[in-house]
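Summarising the annotation, Swiss-Prot assigns ATP binding site to 30, 31, 32, 33, 51, 87, 88, 89, 90, 91, 415, 495 and lists sequence analysis as the type of evidence.
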């Protein structure tokens, strides 16, 4: 086992604080509408330019192992906030640094670190309760757009696009962000449930120009096994022909005699029909077929359930207003499923998302959830250069996460103002002087984001913070973008409560651990052995021409 270097007390804390400061100073320049960019060198390709706090934090790796430990713990604040709320990573880093700096001073002055931490926790809980009490629910599309705009660093076009996407696919719908091939940023919405399986034969096409099969007011047969035998299918086909409605067959595969007969019937015009393979594989295929069944109000024909294909009746089939099938995708719009059943299924999938530990499973469950909840929207981010597209995509991702958080828990005045106001409302009392000091640390630290935003804009933070606190209105604050004071909510300068709350809780949690650290252990750097000399016996090589 390699030898270790151990540092104690003040020496350890100073090293750790240095690491915290290096990381936080690199991240906090990006905060606010007038925040600056950070350029990150990449081992291949062009450097990356970003204003995304967590992207900057993830790149900071320090040479000194003790400093690096401090930086890594603060990085954890940004990552955790990003995972939970999707935005607010810079705010969390600024808060973390402020609490650690104040706490380190108090510990150096001889206060008990454990009591300080208890005081910090008391104050943070009170601030969180205050924020949730002040939260304003958002209802209109304009309010969603405002949140998106603020999070995208003031780009109104992005805010508007996110609001439009949310309106189309609902708050639960999936909105993905991709890099566009063009310079334009655009929004594409797929309504209904779409899965990546196309028609099994081009003969099913009803619109030869677009090469798609459109079925209006169709019946849907869901079968989990292969269909190759025509006899078993005949009763269903005859029942559907009587209704003169189209039929879509979704099965593991349709082949041989069954497929040939379906194609011949389609070509003769006796039966409007199309067949596609079921989406997914294995257990996931079963689950997705069940999703389609619930969405369309049908049943999955499965031998596990004791249902034979020959005994299928019309009421076991799903229904949908419209089905559109291309070479690659099938889209089912307006299924006839019961809302209560769909909601129950959505709840079940949400439960699975919470319980799963695999990122891959979580992603697949999110996709299923979106398809059930009403659609998928894709925002394609364009730009003149690759570097610009990547930077813009970071901002769109942040804005999207912030708007989701805002819809979930509501909004408060932005620009760090909500925390600034909360600092004057802390009434918690500690049981001793050290806990009181912990409460005061939070009082001072939660002013840091507002101060940093104004500092980044080149303004005098103390003057502006003083002026905001003089006014008694909860929503009065400073608009850094144009240098004016006013009612921030009506100006559209808002922050999602979930983002502010998560940032503060994570910052306090990690800062509390840093303050209470008394020893640090790291591996000693290995001493390099002296390079070996040239081996002997290489003489006598004269006269050789190289």
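Backbone N, Cα and C atoms are what each Cβ position is placed from, and that goes for glycine too.
All features noted in Swiss-Prot, drawn onto the structure.
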residue: 30; record: ATP binding site; contacts (Cβ under 8 Å, 6+ apart): 36, 37, 38, 50, 51, 52, 53, 56, 90
residue: 32; record: ATP binding site; contacts (Cβ under 8 Å, 6+ apart): 415, 452, 453, 454, 456, 457, 480
residue: 88; record: ATP binding site; contacts (Cβ under 8 Å, 6+ apart): 81, 402, 495, 499, 500, 502, 503
Neighbouring C-beta atoms (10 Å sphere around the C-beta of residue 90 (ATP binding site)): 29
Among the ATP-binding set 30, 31, 32, 33, 51, 87, 88, 89, 90, 91, 415, 495, as the record gives it, the longest Cα-Cα distance in Å: 17
Listed binding-site residues (51, 415), ranked by Cβ neighbours within 10 Å, top entry: 415
Three-state secondary structure, residue 90 (ATP binding site) (per DSSP): helix
